[in-house]
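Here's the structure, in structure tokens; my notes come after.
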Amino acid sequence: MDHQACNDTTPARKAPQAAIGQVLIEALPYIRKFEGKTFVIKYGGSAMKDECLKNSFAQNVTLLRKVGINVVLVHGGGDAITKTAEKMGIKSTFVHGKRVTDSDMITIVQMTLAGKVNQDIVRLISEHGGKAVGVSGLDADTIQAVPCHNAETLGLVGEVAAINTAYIDLLCNAGLIPVIAPIGFDDEGHVYNINADDAASSIAIALKAEKLIYVSDVAGIQAHDAILRTISKTQAADFIEQHVITGGMIPKVISAFQTLDGGVGKIHLIDGKCIHSILLEIFTHEGVGTQFIAEQGNDDNQ
């Protein structure tokens, strides 16, 4: 920056400069607190489709890693799987939101998730200065699976049985960002399609993560026409009973508190359609999404 620019003190210039400075100062205690901690981020929804949002996400993840936070990504890719299946003349069928997965479909799932989707995320992070490594859940037994409880209907859809935390820790300790495709296999070598939310939750619990962050298409938990910045287990139960929280949000909320019970520090639900939503949620006092906490009163983003 030249000398003239440094001495530009017009109100129009000073206002944004002051705002930027305030944000950076506000972030400092959070950066100190979270250095060396592990964040598991589930990446999905519109943030995986829009180019601007994809770049914003990659920048956010790279910055987290640069300030000393261990970042573990678990990604979805349902739309990409459906498109690939259509190109191959295979129709996708869903039961209660879960993809029916036969032997042909599991091949497409592997090819799409562990292939193009995973590699695109790794490439994008690398373009923004991060060091990411693609991980299939099959690699080094990262995700060990068992058939889901209604396998007779869903086919090769699995549930997480165990996580190889040693392998993930090895990658994080090397300064890398593991980008994990949610597929796994059982003791007999059968490969399973695993729900990305469930995989992220299991990985966060196994790693004893400080935070699990869901990057989604909703701004957070809505109650009485406003987004709740914080919700406790007691509040959630009351809102479900009062039909304030309804429909598909109920299992998400229940799952979030089960993850908290598993030992994860906090759960965050944020809107992936908001530019830099991860940084704003983690490094500012107000945040931009909803954080789930075990007890009311611990309601800051720390």
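Positions of Cβ are set from backbone N, Cα and C atoms, glycine also.
Taken from Swiss-Prot, the feature substrate binding site covers Gly77, Gly78, Arg99, Asn193. If you look up Swiss-Prot, you'll see Lys42, Lys252 marked as site 'Transition state stabilizer', on the strength of sequence analysis.
Sequence features, as recorded in Swiss-Prot, placed on the structure.
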residue	record	Cβ contacts under 8 Å, 6 or more apart
Lys42	site 'Transition state stabilizer'	Leu73, Val74, His75, Gly76, Ala196, Asp197, Ala200, Leu212, Ile213, Tyr214, Val215
Gly77	substrate binding site	Gly44, Met48, Thr112, Leu113, Val117, Ala181, Ala196
Gly78	substrate binding site	Gly44, Arg99
Asn193	substrate binding site	Arg99, Thr101, Met105, Ile106, Val109, Leu156, Val157, Gly158, Pro182, Ile183
Lys252	site 'Transition state stabilizer'	Asp197, Tyr214, Leu269
Residues flanking the substrate site, with Cβ no more than 8 Å from the Cβ centroid of Gly77, Gly78, Arg99, Asn193 and excluding those residues themselves: Gly76, Ile81, Thr82, Thr101, Val109, Thr112, Leu113, Ala196
When you measure from the Cβ of Arg99 (substrate binding site), how many other Cβ atoms are you left with inside 10 Å? 22
Conformational class of Lys252 (site 'Transition state stabilizer') under the three-state DSSP mapping: helix
Max pairwise CA distance, angstrom, over record-listed substrate binders Gly77, Gly78, Arg99, Asn193: 12
